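Peer 1: Below is the structure I would like to discuss, written out as structure tokens.
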């Protein structure tokens, strides 16, 4: 039977100094011998998705202590991708994921914590904590801050639902008046919480449900709704039970690597494809799997993308539905239920509730549950009141959206498309693959061919797009923006936003070794691997080269003969695979990240071979 890790610091005369310090934090005589549970918070006033988390740590801590544990809270950093976007700050976003994972490892191992509750929400925080959880492999429960309410405003006598991307597009569109742009800006982000569409933050928080590491509703219950408080309370109670199951009952099914195993990762990917999640989730799932020594890679994602239908279409892929609508339709468990009925889910995997998914779906899938409490839980809706306070309203929808023919969530028979919401493409320009969010691609653009217009950075791409260098039918290529080449693998939301603002959103393709915001839609292909800085073919593309994209056949090809490519490669080898005439200040912290970074097909994790003797 494993003993508490914390016993290293709480037992034995030689640990008198450590106990003295524990006492100084409030630990009493009768507490020694209880499990020490880290409450890993991420409160910051910089990020709307985290601005309301200040009191959440102590809410969870109180429940842990009532249930017989010792709770100790600490914070990680949290970067807001929307605020960091469009300038040098975006270089720091993806690297912050590794920093978060490392900081959790440092704190938990330095103080010998026995388990942890991870309070996350936004883009890199949930993935960073997930990587740490699988690296440490101690009992863990995730509970997120919850999504923001969708914005609403009245234009031309119509009530429009809005999100951050609407504000960005309107702000970039020269045909939109200053007054209308400001109206959209003031209405787009009305409350605390992660941005209201199926962007990266909400996608990842939904995926923790499918991985079995969070409770039903974690990804969809609004940050402002009073019902969300119960998720935090239950997390505090359940983590103590989970901890005792492992340490006192020798039950290793309570450990995250046994919950989030290969089958669970396949469930999470199935959910991601079915709900048209952010392409960033692919990057983060690959990275988390590597941390847990789980055999899950791009081949698995490619295989699944050919099997899973697109069952849930949410902003930015449609203006009709936001996360509040997903929740009204039953949230993640309703999507999982539809996948299960289609034979596309491993329902024998377990979760932190101590149930198999078959058991949990019987209780939490609104299509089959007999529980009125569960149905009421999923009727929790928006209040439409601007606020930064959690649990500040108790509004409910009059009815659930249980329409699986024309609703927000659909059955396989009535899917938005039988082809899923994400796809892996490969070819000579992306030998190790690349990712496209097919949920956001116009059906007329699924097969596309055009001449390349090449840019060596996001900044020059924006200048070129706004300066008229891109025309209808072009394939915009933005390279040297990968994990190593950026460094930091910036999001390309501004180039795609500006293409939309000048009427080319459906007229052009964009490919990059960088990545995209969860708010991106259109024919936007990212994560091209290997990246240019690692010798990838994307670094050999010249202006005017024809690129063919065929999403149904999962191919992307540069039409340049092998002899010419070999000559270009020899030249690039001599030049060291560096961008031409790019001026960019890169700090030593980012240079250190770049030295170890792998391409996107590996999740942009560190190259461990460079750290091993």
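Using the three backbone atoms N, Cα and C, a Cβ is placed for every residue, glycine included.
Not measured: the values here are computed from a predicted model.
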Peer 1: For the Mg(2+) site that Swiss-Prot lists with 81, 123, 124, give the additional residue from the candidates 491, 507, 531.
Peer 2: 491
Peer 1: Does DSSP give residue 491 (Mg(2+) binding site) helix, strand or coil?
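Peer 2: In the DSSP reduction, residue 491 (Mg(2+) binding site) maps to strand.
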Peer 1: Inside 10 Å of the Cβ of residue 81 (Mg(2+) binding site), count up the other Cβ atoms and send me the figure.
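Peer 2: There are 29 of them.
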Peer 1: Rounded to an integer, what is the Cα-Cα distance in Å between residue 517 (active site, proton acceptor) and residue 491 (Mg(2+) binding site)?
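Peer 2: Checking the Cα atoms of residue 517 (active site, proton acceptor) and residue 491 (Mg(2+) binding site) gives a distance of 5 Å.
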Peer 1: Suppose we draw a 10 Å sphere around the Cβ of residue 122 ([2Fe-2S] cluster binding site). How many other Cβ atoms does it contain, all chains included?
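Peer 2: Looking across every protein chain shown, the total is 28.
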